[in-house]
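These come from TrEMBL:
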type     : residues                                                               : note
COMPBIAS : 96-108                                                                 : compositional bias 'Polar residues'
REGION   : 96-156                                                                 : region 'Disordered'
COMPBIAS : 131-156                                                                : compositional bias 'Low complexity'
TRANSMEM : 200-219                                                                : transmembrane segment
DOMAIN   : 250-520                                                                : domain 'Gcp-like'
BINDING  : His329, His333, Tyr350, Asp514                                         : divalent metal cation binding site
BINDING  : Tyr350, Val351, Ser352, Gly353, Gly354, Asp382, Gly397, Glu401, Asn486 : substrate binding site
Amino acid sequence: MTWSLDDEIKLFHGLMLFKPVGLDRNFQMICLAYRLQVKENLPCSIKSIWEHLNKLYNLEELNESEVIPYPHRPAEFSLPDEFKEIKSLAFPRVSSTAANPDTSSTAGLTGRHKSKSDSTYKTTLLADENPSTPAASSPSISPRSVSSPSSSSTAAVLQLTKRTRKMYQCPLLSPRRQAKEPQASSPILIARAYAVNTNLTGLSISLSMPILYAFLIAYRMVLIMGMEGSANKLGIGVIRDGEVLSNPRVTYVTPPGQGFKPTETTIHHRAHVVNLVRRALQEANVKAEELDAIAYTKGPGMGGPLQVVAIVARVLAQLWNKPLIGVNHCVAHIEMGRLVTGAKAPIVLYVSGGNSQVIAYSGGRYRIFGETLDIALGNCLDRFARVINLSNDPSPGYNIEQAAKNGDKFYELPYAVKGMDVSFAGILSYLKERAPKLLISGEYTQADFCFSLQETVFAMVVEITERAMAHCDAKEVLIVGGVGCNLRLQEMMACMAKERGAMLCATDDRYCVDNGAMIAQAGYEMFRVGMTTPLAEATVTQRYRTDEVDARWRE
């Protein structure tokens with residue numbers, strides 16, 4: 001599908017309208033300037049944009065007026081000194097008698113007319129201007145004047161043309177680039193297709209990405225597909241700007257009393273992964289060419305299943321010409337939890353079948369305050385389900401949770417908390433030795449043991465989580481991982497948080513249990529700060545700790 005001129009007009013129309021209420025057009029200029037500073041066409045952190053805007057505006061007190069004077073903040077009308085080389089990218093004010101662009105040509109864009117004055121603006125993209133011509137100079141973006149760039153520079157001069165409120169004439173860029181007609185409906189691909197290919201001299205920044213692409217990245221219109229397959233669940237998710245477009249998942253279920261082995265799980269994933277990718281794209285109503293990157297689980301996890309997902313991700317990345325992003329499974333759980341719950345700076349309890357950790361972000365990394373010394377909490381629950389022959393469908397942990405609701409007799413178990421760390425292997429061994437005999441005697445039921453096990457192990461992790469919250473004076477606690485969707489654990493954690501004046505942030509099994517959307521979300525966060533994985537390094541590792549990841553997107 002090729003985008004028509006009307007589609008491009010609507011796209012740019014939406015971009016120009018999408019901005020915080022009360023900010024003048026300099027807001028868009030600042031976003032653009034930050035984007036064009038990035039080399040190698042990699043997106044950068046949006047946080048720096050907002051930090052800069054906070055210096056210019058009181059973002060909490062803005063109203064709907066776009067012409068509010070700020071006499072005490074004259075700096076808001078000019079770009080910072082570090083943008084001297086791209087001052088030509090400002091919105092220059094020109095005379096109202098300036099000639100209107102030829103609307104029948106493809107020479108320029110028309111943006112949003114936001115002033116009630118008679119000033120006329122137009123948008124053009126000029127190459128190798130003659131400094132003696134009016135178009136080669138760059139007037140001020142408001143009361144302050146801005147010097148023009150050197151004559152050897154290729155200046156992208158943004159000018160708006162006066163139109164009525166409902167008219168947005170937007171023939172995109174010049175005829176000499178029309179040969180690169182995009183063949184896909186992705187806004188990013190369209191922007192890339194119109195990239196400036198001329199040799200740029202006199203600029204220390206990269207202008208290889210066009211203006212529209214800079215706006216798209218500034219407004220985070222990025223589409224990522226995530227692929228998860230570190231254990232018995234295979235998931236493919238598609239995310240655009242924090243919105244989950246699709247998140248299908250299949251699970252390898254074994255008979256009661258049996259666990260899942262790497263070989264059988266690998267065969268399962270290999271049989272379903274291609275169809276699941278197709279299903280995810282269909283449910284998201286997107287095409288492969290619209291994707292901006294492919295994220296996959298790099299680790300930790302089971303070697304065979306990880307390899308299946310990594311191989312497919314590498315193949316698709318080459319077939320579709322997309323960048324790869326290797327994602328830490330644990331960090332993906334955290335980022336998905338933050339997205340769904342809106343948690344800002346929580347203490348994280350990450351409990352799943354392979355990990356049990358208490359985590360907090362500090363200094364560019366997710367720091368582990370405490371963790372299991374042996375097996376994970378989820379692994380303890382799963383293996384006990386085998387001892388009492390519970391079904392694995394949909395999961396052993398879920399069936400233990402349901403059985404525990406009918407338990408009314410507490411069986412005392414070892415309580416193994418050692419500082420900020422916990423141990424579950426001893427509890428499991430204790431139950432393996434005693435539970436079968438007590439079940440045969442009828443003194444205790446399966447429900448009683450499930451109830452007793454849950455109360456004991458959940459109390460342990462709540463204790464170390466509370467200790468971490470006290471240390472950090474945190475007001476939020478986030479539960480992630482497959483065990484995190486257990487309602488009894490959420491109830492106990494909420495009780496603790498309430499006593500501390502804090503808030504519990506938790507999700508349901510759609511996002512707690514392993515899924516592709518969480519990999520896509522973590523990949524999105526990495527992609528927007530320029531973190532991609534070269535093909536030669538797109539491998540997997542079964543040992544990939546949470547605190548090994550450079551979480552620069554949180555800075």
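Placement of Cβ uses the backbone N, Cα and C atoms for every residue, glycine included.
It should be emphasised that the depicted structure is a prediction, and the values quoted were computed from it without experimental measurement.
All features noted in TrEMBL, drawn onto the structure.
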{"residue": "His329", "record": "divalent metal cation binding site", "CB count, 10 Å": "26"}
{"residue": "His333", "record": "divalent metal cation binding site", "CB count, 10 Å": "33"}
{"residue": "Tyr350", "record": "divalent metal cation binding site", "CB count, 10 Å": "27"}
{"residue": "Ser352", "record": "substrate binding site", "CB count, 10 Å": "25"}
{"residue": "Gly354", "record": "substrate binding site", "CB count, 10 Å": "19"}
{"residue": "Gly397", "record": "substrate binding site", "CB count, 10 Å": "27"}
{"residue": "Asn486", "record": "substrate binding site", "CB count, 10 Å": "27"}
{"residue": "Asp514", "record": "divalent metal cation binding site", "CB count, 10 Å": "27"}
Ask   = When DSSP states are folded down to helix, strand and coil, where does Asn486 (substrate binding site) land?
value = coil
Query = Between Gly397 (substrate binding site) and Asp514 (divalent metal cation binding site), what is the CA-CA distance rounded to a whole number of Å?
reply = 14
Ask   = Which chain neighbours of the divalent metal cation site, leaving out His329, His333, Tyr350, Asp514, have a Cβ atom within 8 Å of the mean position of the site's Cβ atoms?
value = Cys330, Ala332, Ile334, Ser352, Asn355, Val480, Gly481, Gly482, Met518
Query = Per-residue pLDDT averaged over the domain 'Gcp-like' (250-520) comes to what?
reply = 96
Task = Between the Cα atoms of Asp514 (divalent metal cation binding site) and Ser352 (substrate binding site), find the distance and write it as a whole number of Å.
result = 9
Message = When you rank His329, His333, Tyr350 by Cα distance to Asn486 (substrate binding site), which of the binding-site residues ends up on top as the closest?
response = Tyr350
Query = Under a three-state reduction of DSSP output, how is Tyr350 (divalent metal cation binding site) classified: helix, strand, or coil?
reply = strand
